[in-house]
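The following feature annotations were taken from TrEMBL:
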ACT_SITE  Tyr146  active site, proton donor
ACT_SITE  Lys217  active site, proton acceptor
BINDING   Arg199, Asn467, Asn512  (S)-malate binding site
BINDING   Glu288, Asp289, Asp312  divalent metal cation binding site
DOMAIN    123-303  domain 'Malic enzyme N-terminal'
DOMAIN    313-581  domain 'Malic enzyme NAD-binding'
Amino acid sequence: MSNFWNQTRAATSLIRRLKRSIINPAAVARPRCFTTAEGHRPSLVHKRSLDILHDPWFNKGTAFSMTERDRLDLRGLLPPNIMSPEQQIERFMVDLKRLEVQARDGPSDPNALAKWRILNRLHDRNETMYYKVLIANIEEYAPIVYTPTVGLVCQNYSGLFRRPRGMYFSAEDRGEMMSMVYNWPADQVDMIVVTDGSRILGLGDLGVQGIGIAIGKLDLYVAAAGINPQRVLPVMIDVGTNNEKLLKDPLYLGLQQHRLDGDEYIAVIDEFMEAVFTRWPNVIVQFEDFQSKWAFKLLQRYRNTYRMFNDDVQGTAGVAIAGLLGAVRAQGRPMIDFPKQKIVVAGAGSAGIGVLNAARKTMARMLGNNETAFDSAKSQFWVVDANGLITEERENIDPVALPFARKIKEAGRQGLREGASLVEVVEQVKPDVLLGLSAVGGLFSKEVLEALKGSTSTRPAIFAMSNPTKNAECTPEEAFSIVGDNIIFASGSPFRDVNLGDGHVGHCNQGNNMYLFPGIGLGTLLSGSRIISDGMLQAAAERLAAYMSEEEVLKGIIYPPISKIRDITKEVAAAVVKEAVEEDLAEGYRDIDARELQKICQSQEELLEYVKNSMWSPEYPTLVYKKD
């Protein structure tokens, strides 16, 4: 790893963080002992008997001790044999394997959806055990509770709906939202994920059924970041749908009217934001799967006023930047060579433009972080949308894409024109990186991949980042078989590694937003920062890029395994906290004020301990009954 750090010292923004990360031996000689913020305190409950067993937040099932059974009037309501949490999980896993096939709702119901049904039933009756199972089997079940299976869940949500989870604010609730937020039982909410269902993954407008993506995302906040599940809130803002199939479906659960637009739409979102921040001033709101038309506008409208971010724009960009920097390292080059990379981007939606903006800023920082550097960095990108290469000749060009439109004379010198196809662009540019954020499955066709064989890079990188799996621009098998064994491959959804023969493996790196958004949320929460700055997001991406060892990246492994997600999140959150302190944005969290937080950040060991001890773990608390 030391070679990696030495190679990056020419980049001024990275040097500053390197200096901050040096641990002072004197500072860590006597580390502080932190009281665990999410420790094993007894929980006061105001219910007993069957009411406890029907409450998933407090239900322990057969794990209730005899003392608790007497204290909570449970004796006789449960089988007499007391089981440990480990025994409960063993029983559940045996049942899960046995019931997977039986839980399928007919031959068209995929096995992944059957697993989701079983896990969801556990979630409905015992939250602690649900998260214990999820964390222990995160590699297997993250694709079930999140992408790609969550897309299938959202498509079928009206039929899958059994128990309310989260809150629904609709266009018909205008003028009532300030009072509505008090219907939620939790006095403290740390994290909200909100969607309007207008662009769920690559599946389009799913209306109110998009609540599934908010629920799945918060499951990962709990599992990866240790956000207390009693302090998370999934939210659907239902402003109608333009999906004609849903508008005609008698079983659809949402408003059957066309979407609000313009000022009416903005007014609904404004009212929601004011309401949730009035009741929970310290909450963090993550916007999820808003159509491109609104994603950037809402981000710019709220980001300097509220603690919020848009994962599709900023989280996707951060994970992509970490992967792009990793790809440079995998080529055996220093990270400061990133501004020399030629990058062809397929897709100009919110995710694509978000990655472009972040990559341009990263390049500019490495080139001197001035206006000239920022202007020259854009020349490294060629953006292709559904209408081909974007140039300044494009009519009605989206303002957010305009900075990346190629000058027509410049394109002409490269043998390109306005609207040139993706194949033509790849043939002429010979890029180092082909980055897909188009949501068009199979876009990287055989012809496109054949063209990439002409890349001037010794190890070209292919990022097929669109979700869910069917929207991936290509598969790893296609990439390795057509372009060659010596490529870097990353995707948004999980794929298996490719056996290249002779003991060689083509590594498929999953560039999942899960690597960053839990750490961004946790780091913001623990820092007490009032906003989420570009610097905090950049610090998160750089820490993820540095997580892999030199040996790993040279093998083509640029993202870590999902099994390490809690450790990754801890490191990313620590980087976010440290950056918030550096930018003088941190105000502290709970009993740790800004000054104390600044002292903690002087020692990397103390900072990591502080983050780790603030993460909730799924352990059954002792329950004590107290009358209202």
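Cβ coordinates come from backbone N, Cα and C, glycine included.
Automated prediction, rather than curation, is the source of TrEMBL annotations.
Keep in mind that what you see is a predicted model, and the values were worked out from it rather than measured.
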With every protein chain in view, what's the tally of Cβ atoms within 10 Å of the Cβ of Asp289 (divalent metal cation binding site), excluding that atom itself?
26
Let's check the environment of Tyr146 (active site, proton donor): how many other CB atoms sit within 10 Å of its CB?
24
What are the sequence-distant neighbours of Asn512 ((S)-malate binding site), meaning same chain, six or more residues apart, C-beta distance under 8 angstroms?
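The answer is Ala142, Thr147, Val319, Gly492, Pro494, Tyr559, Ile562.
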Among the recorded positions listed here (Tyr146, Arg199, Lys217, Asn467), which has the Cα closest to the Cα of Asp289 (divalent metal cation binding site)?
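Closest recorded candidate to Asp289 (divalent metal cation binding site) by Cα: Arg199.
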Go through the recorded positions Tyr146, Lys217, Asn467 and tell me which ones have a CA within 10 A of the CA of Glu288 (divalent metal cation binding site).
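Near Glu288 (divalent metal cation binding site), where near means Cα within 10 Å, the recorded positions are Lys217.
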Other than Glu288, Asp289, Asp312, which residues of the chain come within 8 Å of the divalent metal cation site, judged by Cβ distance to the Cβ centroid of those residues?
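Here the non-site neighbours turn out to be Thr195, Arg199, Ile200, Ile213, Phe287, Phe290, Ala295, Asn310, Asp311.
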What is the number of other Cβ atoms found within 10 Å of the Cβ of Lys217 (active site, proton acceptor)?
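A 10 Å sphere around the Cβ of Lys217 (active site, proton acceptor) contains 28 other Cβ atoms.
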Tell me, how many other CB atoms lie within 10 A of the CB of Arg199 ((S)-malate binding site), whichever protein chain they belong to?
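Other Cβ atoms within 10 Å of Arg199 ((S)-malate binding site): 25.
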Do any residues at least six apart in sequence from Asp312 (divalent metal cation binding site), in the same chain, have a Cβ closer than 8 Å to its Cβ, and if so which, in order?
Arg199, Phe287, Glu288, Asp289, Phe290, Ala295, Ser350, Ala351, Gly354
Count the other Cβ atoms sitting within 10 Å of the Cβ of Glu288 (divalent metal cation binding site), across every protein chain shown.
27
Check the domain 'Malic enzyme NAD-binding' (313-581) for me and report the mean pLDDT.
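Averaged over the domain 'Malic enzyme NAD-binding' (313-581), per-residue pLDDT gives 95.
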Between Asn467 ((S)-malate binding site) and Tyr146 (active site, proton donor), what C-alpha distance do you get in Å?
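About 11 Å separate the Cα atoms of these two residues.
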Roughly how many angstrom lie between the C-alpha atoms of Lys217 (active site, proton acceptor) and the residue listed as 'active site, proton donor'?
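Rounded to the nearest whole number, the Cα-Cα distance is 7 Å.
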